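Worksheet: one structure, shown below.
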Amino acid sequence: MLLGDLRRTHYSKDIEPEMDGDEVTVMGWVHEIRDLGGIIFVLLRDRDGLIQITAPSKKIEKDLFKSIRKLKKESVVAFGGTVQESGKAPGGFEIIPSFLKVLNISKQPLPLDPTEKVKAEIDTRLDARFLDLRKPSVSAIFKIKSRMLHSVRVFLEEQGFLEINTPKLVASATEGGTELFPITYFEREAFLGQSPQLYKQIMMSTGLDRVYEIAPIFRAEEHDTLRHLNEVISIDIEASFVDHEDVMKILENLVVRVIEDVNEHCTDALETLGRTLEVPETPFERLEYDEAVEMVNSKGVPMKHGEDLPRAAEKALGEIMDGYYFITSWPTAIKPFYVMPDEDDPERSHAFDLMYRDLEISSGAMRVHQHDLLVEKIKRQGLNPDSFESYLSAFEYGMPPHAGWGLGAERFNMTLTGLKNIRETVLFPRDRRRLTP
């Protein structure tokens with residue numbers, strides 16, 4: 001049925017017990033129905049919560065009572081009625097209905113249970129994601145994610161950053177390697193962008209010396225774990241006339257701001273998830289790479305200097321370290337060509353990772369801004385400088401010193417929500433096995 005002139009007057013969060021006697025119109029989905037014979041209770045769900053519709057047969061019209069009795073779970077309805085204070089109902093109030101309009105009837109049986117009384121496996125949930133997202137515990141994840149992204153934008157704008165949009169159709173790899181999705185671009189081969197890194201650095205040559213981007217990146221990596229996806233949202237910044245220490249401070253202050261904002265604006269969502277977020281103190285603890293290797297070995301996990309952190313090493317660190325912390329001074333040999341080596345010890349670099357317990361959520365570095373050194377490093381990694389011609393040209397005409405980082409939005413949201421599976425932080429995740437819905 002169509003709405004006609006009917007419109008919602010209140011969401012669930014807008015109604016309070018003090019509104020006893022007020023007339024309201026509410027709209028949403030039939031979450032649950034309890035028919036006790038002479039009285040029917042309907043839990044109506046909207047984006048903000050649940051509203052109890054209480055229908056006593058002796059107090060409402062006979063035809064209305066019959067219509068309520070016929071309702072099916074997850075049908076879309078509009079109720080009008082009178083607010084009545086009730087200590088037993090959600091939010092301390094109930095609505096005694098005066099009319100019902102059924103806007104759409106849901107097919108039965110349901111592929112999964114939005115009340116969560118019957119649990120479903122992750123694949124079942126993702127196959128029927130539109131229903132899964134109706135669960136309060138699932139919608140809470142994305143309310144927090146939305147606030148996090150909003151907070152990031154506000155914070156970076158306050159710090160003088162300009163939002164940019166870089167190409168997602170690219171001619172070559174950002175860092176070499178094979179983690180690329182090839183596509184046909186007219187008569188040529190192109191790829192989905194795996195990182196905005198090179199474009200961020202090119203922007204440093206334009207005079208727009210503080211930029212950020214929040215956008216999808218695509219990586220055809222082999223990993224099929226609870227922490228990896230093939231399409232994610234990356235929060236990237238780049239800034240000129242700064243070094244790695246400066247952008248690390250920006251990153252830790254951003255994390256603090258986000259947590260403060262989520263605590264302030266997402267109290268209901270956090271309560272739904274059973275989460276209590278402590279605001280971390282700054283500066284975050286810093287471990288040099290060499291220290292991290294020693295700590296990993298002390299936990300009985302073999303790791304050699306010069307290796308990237310394997311999963312076992314991350315787990316070992318997570319048992320020692322709590323909260324957010326940086327790993328700094330990574331070996332130059334295992335970092336990308338654009339990472340600046342330490343002038344006093346070229347075997348070490350000005351690169352860092354931000355960790356949350358055993359989870360890497362961000363990587364960044366001071367960048368190489370000298371053209372000749374950059375060409376040398378590209379060659380040293382077995383890559384052809386000719387493949388980076390348009391990138392390198394920006395370094396020949398006045399490139400300032402610069403630094404930056406990329407922060408994984410989904411992994412960051414895992415730290416806020418306490419989720420263990422990154423797929424749960426994406427509306428419609430893409431991994432090696434899933435391309436729909």
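Cβ from N, Cα, C; glycine included.
Here Swiss-Prot flags P90 as site 'Important for tRNA non-discrimination'. For P90 (site 'Important for tRNA non-discrimination'), other Cβ atoms within 10 Å of its Cβ number 13. In the three-state DSSP scheme, P90 (site 'Important for tRNA non-discrimination') falls into the helix class.
The L-aspartate binding site annotation in Swiss-Prot covers E175, R219, S363, R367, and the record cites sequence analysis as its basis. Every protein chain shown contributes to the tally, and the Cβ of R367 (L-aspartate binding site) ends up with 26 other Cβ atoms within 10 Å.
According to Swiss-Prot, the region 'Aspartate' annotation covers 197-200, on the basis of sequence analysis. Same-chain neighbours of the region 'Aspartate' (197-200): 164, 166-167, 174-175, 211, 213, 236-238, 336, 338, 388, 391, 404, 406, counting only residues six or more beyond its ends whose CB sits under 8 Å from a CB of the stretch.
Annotated ATP binding site per Swiss-Prot: R219, A220, E221, R227, H228, L229, E360, G408, A409, E410, R411, in sequence order, evidence recorded as sequence analysis. Long-range Cβ neighbours of R411 (ATP binding site) (same chain, at least 6 residues apart, Cβ-Cβ under 8 Å): R227, Y356, L359, E360, I361, I422.
The feature Mg(2+) 2 binding site is assigned by Swiss-Prot to E360, S363, with sequence analysis given as support. Annotation for S363 (L-aspartate binding site): same-chain Cβ neighbours under 8 Å, separated by at least 6 residues, are A351, F352, D353, L354, W405, G406. When secondary structure is read from DSSP and collapsed to three states, S363 (L-aspartate binding site) falls in the strand class.
Annotation source Swiss-Prot lists Mg(2+) 3 binding site at E360, citing sequence analysis.
Around the Cβ of H228 (ATP binding site), the number of neighbouring Cβ atoms within 10 Å comes to 17. As a whole number, the greatest separation of Cα atoms within the ATP-binding residue list R219, A220, E221, R227, H228, L229, E360, G408, A409, E410, R411 is 19 Å.
Rounded to the nearest whole angstrom, the C-alpha distance between R219 (L-aspartate binding site) and H228 (ATP binding site) is 10.
Counted within 10 Å of its Cβ, the other Cβ atoms near E360 (ATP binding site) come to 16, all protein chains included.
Counting residues per DSSP class in helix, strand and coil order gives 4 helix, 0 strand, 0 coil for the region 'Aspartate' (197-200).
The DSSP secondary structure for R219 (L-aspartate binding site) is coil. For the pair H228 (ATP binding site) and P90 (site 'Important for tRNA non-discrimination'), the C-alpha distance works out to 38 angstrom.
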